[in-house]
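**Q** Handing you a structure now.
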Amino acid sequence: MTRPVVTRFAPSPTGFLHIGGGRTALFNWLYARRFGGKMLLRIEDTDRERSTEPAIKAILDGLSWLGITWDGEVVYQFARAARHREVAEKLLAEGKAYHCYATPQELEEMREKARAEGRPMRYDGRWRDRDPSEAPAGVKPVIRLKAPLDGETVVNDHVQGRVVWQNKDLDDLVLLRSDGNPTYMLAVVVDDHDMDVTHVIRGDDHLTNAARQTQIYQACGWEVPEMAHIPLIHGPDGAKLSKRHGALGVDAYRALGYLPVALRNYLVRLGWSHGDQEFFTTEEMIAAFDLDSIGRSPARFDFAKLEHLNGHYMRSSSDSDLVDAIETILPEVGPPRGGPATLDAGMRAKFMAAMPGLKERAKTLIELLDSAYYLYASRPLTLEPKAEALLAEGGRVRVADLLPALEALAEWSTEAVEAAVRRFAEDRTLKLGQVAQPLRAALTGRATSPGLFDVMAVLGRDECIARLRDQAARVGA
RNA sequence: GCUCCCAUCGUCUAGCGGUCUAGGACGUCGCCCUCUCACGGCGAAAACAGGGGUUCGAGUCCCCUUGGGAGCGCCA
């Protein structure tokens, strides 16, 4: 009776996978998983002009990076053009569609006139009931759906509720172009039907299409799938997402240092909620996801919240997973920031050792990489202004003063180093911070860093002493 | 212009007629912790767009206004 759930993600390969598409894919994926169904992937490449191979690759890579998988082979819509044509011809034969010979110029005039008269811009049906014998010679016709003239078309949407259109407001859409290729409207309906799609979950920019597609389903005598039109994601300023704020490809989020698990969690809460729960494991998301809890109003993209989630997931990631994640983006993000493009065994070991302190204070992998500067920096260190200030204000003198005690240390461990520094501070009746800050500046080139003694232990005795001597040597200079 | 959708703190949202002097999260601002920065803990400021109804009772239902958004192709 009830068919197994089949959802689909159907991007057109005219660009990268943007954040809204990523969320749509996520929702489809979650819904299918929730009900033990399948999520299919269909590339809507019927626009031969704008569809590109790199875009297809970007979409597939984007989904994979996000951790979204699809079932079965990828369906390429253009390859199914013959079947779409067949359906259009069938509709034509059944009298549910007709040839229209109106030229582009005529259609343009129609729109102009309608606009001028304040009427809705729609095809006037001039070829709807004309006899085929009136067809002008040499003009290739399109096939239009003979849509109902009166009554109403209803879409019972899981998100938007019951949405009604008066059929008089809907015109006879083109099913088959004059060149014999199907339009998107026809192709979607035929493919969703043939692929046994039970639930269409997509952006609400398709809501009006849903009405027209419903008419095609009805003309074909097919069951209309369940629909869920989810609100679009807006930029931080409330306007439509543009390249300047959120409409980046998901690959951009990877380069920005976000973790897929964090992006997924952020995205799932954009438009969907489950009581007050903010954090979801993948399993929890799947178990809790449902269409009826999706909100109807558009959401704005907020990087601050994404960062918070990302920080949360970084802190709870294992050190090795984090180092792996850094290594994968390093070739792309390392060199431009003065960092390495790869980690050799020694450097990897240092990252591993420093990771507990590093991941605790970074919100993105980029921040983490930046705060790990002291690990891969070569002497003499470049001091950021705040670090320079710490050393200039008596800091170098203090470093020089402390140096002998450190050089005399028999054992170089977090504990031993800390004890030595604390003893030094006590002897001079200084607060620990008065000693620690100049030390930090000399050792890391920064005014902030992970715990100082951990830093010293990871860096090792020789490197620490050398960096401190670099600064001590500049006393009075 | 026409059709359709939407409207709770700055942002994401909870709320499905009475338990709302409206809850959580991010962000913001204090305080605590503290070698810095984060984390963490405690606390604060911060919202039902406006106006009409319906009802004993409305953030919750209806209408209007205003404000957002989407669509209106032989693009998808």
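The backbone N, Cα and C atoms fix where each Cβ goes, glycine too.
Whatever TrEMBL says is automated annotation, not expert-curated.
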**Q** With TrEMBL as the source, which of A:11-21, A:110-120, A:121-131, A:275-285 is set down as motif ''HIGH' region'?
**A** A:11-21
**Q** Of the residue ranges A:80-84, A:105-109, A:190-194, A:240-244, which one carries the motif ''KMSKS' region' annotation in TrEMBL?
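**A** That would be A:240-244, the stretch labelled motif ''KMSKS' region' in TrEMBL.
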**Q** Averaged over the domain 'Aminoacyl-tRNA synthetase class I anticodon-binding' (A:348-470), what pLDDT does the predicted model reach?
**A** 88
**Q** In the motif ''HIGH' region' (A:11-21), how many residues does DSSP assign to helix, to strand and to coil?
**A** 3 helix, 1 strand, 7 coil
**Q** Per DSSP, what is the residue count of the domain 'Aminoacyl-tRNA synthetase class I anticodon-binding' (A:348-470) in each of helix, strand and coil?
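**A** Split into helix, strand and coil, the domain 'Aminoacyl-tRNA synthetase class I anticodon-binding' (A:348-470) gives 91 helix, 0 strand, 32 coil.
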